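Q: The region 'Disordered' feature in Swiss-Prot is assigned to 1-116. If you look up Swiss-Prot, you'll see 14-70, 78-95 marked as compositional bias 'Basic and acidic residues'. Residues or ranges marked as S-adenosyl-L-methionine binding site by Swiss-Prot: Gly318, Ile338, Leu347.
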Amino acid sequence: MTEMPKKKFSPRSARGDKPRYGEQKPKLKRSGDKPRFNDDQPQGFKEKSDRFQDKPRPRTNDDKPRRAGDKPSNFKSRFKDKDRDKPRYGDDRPRRSGQKPPFGKTFPAAPPPMDSEQAQEALDLLYGHHAVLAALDGDRQLNRIWITSHLRHDIRYRTKIQTAKANGTVVDEVDNFRLNQITHNANHQGIAAQVAPYHYWELGDLIDKAKSQSTAPVLIIIDSITDPHNLGAIIRTAEAFGAQGMVLPQRRVAGITSTVMKVAAGALEHFPVARVVNLSRALETLKESGFWIYGTVAGKQTALHQADLREPMGLVIGSEGEGLSLLTQKHCDHLITIPLAGKTPSLNASVAAAISLYEIFRQRGFDRPTLSHTASDLREVSED
């Protein structure tokens, strides 16, 4: 028997006979086939396109001559020949209220609005029933009165307004809105008045008037009080207790302003105030005229209730912070103090003046002030 020849087997590759994904067996080229794109390049290599290479950029349009109506091609050339500092047409015209200034320009800030006290100082303004009625009853000249329609025919004002108008005072009938503008929203109660500046007394005339009114007159002397509210409160208290007048130095002390008049609530129309250049010289003049000078200080001095206060006297009141100056203390005959039992070291100037005035007039003949209502009247009010 003839033996068949043995078949020879080639060794099998480790990865198998099938090609992996993406691998293809080389195809036989047929007649007429064109080479595929990049068949002649090694696998994984791609030639860089020349379109991404740097090439000389063409000239910009700005180098070309422009035609009428063409706009600049970029932002920088837009302001190339423009003068930014040159004022534009219309910048010199006044602006309307509330209109914003143009961008990049600054204007001086508007002055801050005045508060009610500054407005009063600028106009010598009085407002409210007590202050205006006292001014109408007094000797001071009123330049102008602003009053609402319902108050003008009020029985309290009708005759007085007519008299003031006959004396040359301008009377304007306004509404509350206008009064709010004039007084800067203060509590005007429907009336305001512009008064002439206060006319100070001469010291000699004040002394003569005080002596003619009392055998033991009391004058208030102010030292270093710059707060107009304190000064107005002292004037009101002194006039209410029966003092004959006040002496003010020209410097380092608040003057008689509209704020002082408002706080005094009409007391200045019946309370003379003298103004002196030199306070020390004025104290010596008072001494020569028979007045004893008492200065109020804090410390271990004679207690207020232990001093004899029944003679003609001048009571010197200093500020809460500074007190009486050393020079003023040297010209005082006596230094008195208000005894305090608490932790507070001192009192407000107007409070100290009120306590001192009460003790002065208590020693002179009254034990307590007269009340405007009796106990029976108060009982009827409480029952209602």
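The backbone N, Cα and C atoms fix where each Cβ goes, glycine too.
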Q: I want the residues beyond Gly318, Ile338, Leu347 whose C-beta is within 8 angstroms of the mean position of the S-adenosyl-L-methionine site's C-beta atoms, in chain order.
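A: Near the S-adenosyl-L-methionine site, beyond Gly318, Ile338, Leu347, sit Thr296, Val297, Ala298, Ile317, Glu320, Gly323, Thr337, Ser346, Asn348, Ala349, Val351, Ala352, Ala353, Ile355, Ser356.
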Q: Could you check the binding-site residues Gly318, Ile338, Leu347 and say which one's CB has the most other CB atoms within 10 Å?
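A: Its Cβ has the most other Cβ atoms within 10 Å: Gly318.
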Q: In whole Å, could you give the widest CA to CA gap in the S-adenosyl-L-methionine site formed by Gly318, Ile338, Leu347?
A: 13
